[in-house]
Amino acid sequence: MNTEIQCLLLLSIFLSALVCSCDEYYLYDEFGLGRSFDGIGGLSGGGATSRLLVNYAEPYRSQVLDYLFKPKFGASLQILKVEIGGDAQTTDGTEPSHMHYEDDENYFRGYEWWLMSEAKKRNPNITLIGLPWAFPGWVGNGENWPYGFPDITTSYVVSWIIGAKQYHDLDIDYVGIWNERSFDTKYIKILRYTLDKSGLERVKIIASDSLWEPISSSVVADSELRDAVDVLGVHYPGTTSSPEALKTEKKLWSSEDYSTFNNDVGGGCWARILNQNYVNGRMTATISWNLVASYYGNLPFGRDGLMTANEPWSGNYVVESPIWITAHTTQFTEPGWKYLQTVGQLMHGGSYVALTDGKGNLSLITETMTHDHSVCIRPPLLPYNVSAQNVTFHLRGSFASISELKVWHSKFDFKGDKTVLFQNLKPVKVIEGSFSIELDVDEVYTFTTITNGQKGSYPDPPLSAPFPKTYKDDFDVQHPYFSEAPNFADQTGVFEYFTNLTDPGPHVFTLRQVVTQRPVTWVADADQTISVIGDHNWQDLMVSCDVYMETVRTGGVFIALRVDKGGGVVRSAKGIFFWVYADGTYKITSDLRGIIILAEGFSGTRAHVWYTLTLTVEGDYASAELNGSPLWKNEVPSESRNGWAAIGTSSFELTQFDNFAIKAE
Ligand SMILES: *[C@@H]1O[C@H](CO)[C@@H](O)[C@H](O)[C@H]1NC(C)=O
Ligand SMILES: *[C@@H]1O[C@H](CO)[C@@H](O)[C@H](O)[C@H]1NC(C)=O
Ligand SMILES: *[C@@H]1O[C@H](CO)[C@@H](O)[C@H](O)[C@H]1NC(C)=O
Ligand SMILES: *[C@@H]1O[C@H](CO)[C@@H](O)[C@H](O)[C@H]1NC(C)=O
Ligand SMILES: *[C@@H]1O[C@H](CO)[C@@H](O)[C@H](O)[C@H]1NC(C)=O
């Protein structure tokens, strides 16, 4: 640079400082770059969080998938993490295992295979991750612990990865250990060994999907473990990592984060952590629990997804602000880009990150989210201040010759209705390598050389509507690809389509509860199995179902209504439950545990016979019928006011259901 230009430059900086009193930030690459960016992702599962999405009619289902995965359209996600179903309750339901029993293998259960295929179809580059929350009981050999027989557990997990390739042509890129539970060093090493032995050297290991410790210290201390582990994945890190984690020199990921109600404060939370997980913690991937809120809103953590799609019966879905906040980063980066070393906090609050492809492209993302408008569900957020500020960015090194940057803008308006999300503004001119801008509070900007960002859109989906008041399923039309019947949300046990080919009677196609042993659980599954359906606001309704116990003497089956709870607290579900048993008795209880007994008596029921159960409630009175004949009628306790309908069994046992019907008032 000659002196004259230098003087002019200094003058211009001086003038711009005079004009706007800007804070100055320098973006350069002459002294090397920062860490490699690994992507932003969503987590389906942990558990059953995409349950209702599969049952959307087209074109709405594909539209939701496009908003999530289609590059340069919506969230354009770069990572999809899924649960490796383990037949147990994992937050909002159970997800089926590919091996319910030791001699059983089926790679077409659940919806995660389908979801991964749909994601890959839209973005062939998407990174796929599998992680177990729970395991079928046989894996633990009766113990509620997956590490007792590490050879069994690792080959179970590796079979899922092999099945993904064999049946769905899906290459799983990363596999985890045991979600938010303790890890076992020996197990991790055997997992690495088993992967390698199976020709899966390319599959990398994430550990341990919990806190920074003790995994960081273990990796530092144990070189064999260090070789086995590729990524330290931590949950809800509050944007910080630890000295020990940095010392491992491993990739650091926030492998589960967000979990916040998806209104605009949720969007603010997501904006803040997407930037600051790198700025404060050097984390190079952030994954949202969950991907899409496609589970009944009254289950735990309702609407904690990047968008909401929990009404397959209406087709309504809502593209929430976190989708567009994600786009600010994902549409202008690719995994493999590098962060610049010059990232950080802004002087009057907020943060900025910049990334490059190493070929001259630059994407700069700023966020100025205020404290109260960006609180995440956890951990607690310490107070801080943000105010409007004028900033000047100076582009140096490879970026010095950039003359113009595209601008994408979001601004949350919490007082009025002027929120704008992912709006394409006029490009900024970069004069002599610099540009200035006024950042207001609660804003997100992307300044980028990438020219093909796009705010995708579809016509408005159908209006929101409650679950239909009359509903029937005879399970005769069984989807060839999905194992579960629409709208049933299993909370303990697994209910799947069943075909009895030996007898062409009236019950060839049924729904069958198939878990026969208590799984290696992640939370406190009930001792009974239960699948809920319908509208949690329902009060007066009639539910009826044909049932078939397969367990002689000890079998038991129920239908229920006004069921108030699911998820991790399903054990304490209340409602009105009508049970019949294979020992010839019946019971009416106001709890799933079957201990608050309203009535009991003789029913003459036994295994291997079909019965029709009907349960009706109106106001304070309920009645039960067996094969159309009245069995019981009485007042019901006033605490059971509203809730879902449900079916289930009295223990982990095979039982079939047919001709399910609901009529609500
Ligand atoms: C930014 O600069 C403009 C003038 O260039 C000034 O009007 C405005 O008040 C400044 N904003 C802040 C927050 O300092
Ligand atoms: C996949 O990655 C390659 C290499 O980075 C890139 O050229 C291509 O555009 C990407 N495809 C999509 C759909 O993002
Ligand atoms: C930026 O990326 C685009 C493709 O996304 C490429 O064509 C271009 O050469 C890259 N470099 C610069 C400096 O824009
Ligand atoms: C935020 O600003 C207020 C008012 O100036 C001040 O009292 C408070 O200490 C500040 N808080 C922090 C965390 O800096
Ligand atoms: C299938 O139907 C046959 C004939 O009714 C019956 O004996 C058998 O128990 C049924 N199997 C199952 C698993 O329901």
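From the backbone N, Cα and C atoms, a Cβ is placed for every residue, glycine too.
Sequence annotations record features per position, and here TrEMBL assigns signal peptide to 1-21.
The domain 'Glycosyl hydrolase family 59 catalytic' feature in TrEMBL is assigned to 37-331.
Counting every protein chain shown, the Cβ of Glu180 (active site, proton donor/acceptor) has 15 other Cβ atoms within 10 Å. TrEMBL lists Glu180 with the feature active site, proton donor/acceptor.
If you look up TrEMBL, you'll see Glu256 marked as active site, nucleophile. Taking a C-beta cut-off of under 8 angstroms and a sequence separation of 6 or more, Glu256 (active site, nucleophile) has the following same-chain neighbours: Leu43, Gly46, Lys81, Asn179, Asp209, Gly233, His235, Tyr236, Ile287, Trp289.
For the domain 'Glycosyl hydrolase family 59 central' (339-454), the DSSP-based tally of helix, strand and coil residues reads 6 helix, 53 strand, 57 coil. The domain 'Glycosyl hydrolase family 59 central' feature in TrEMBL is assigned to 339-454.
Here TrEMBL flags 490-664 as domain 'Glycosyl hydrolase family 59 C-terminal lectin'.
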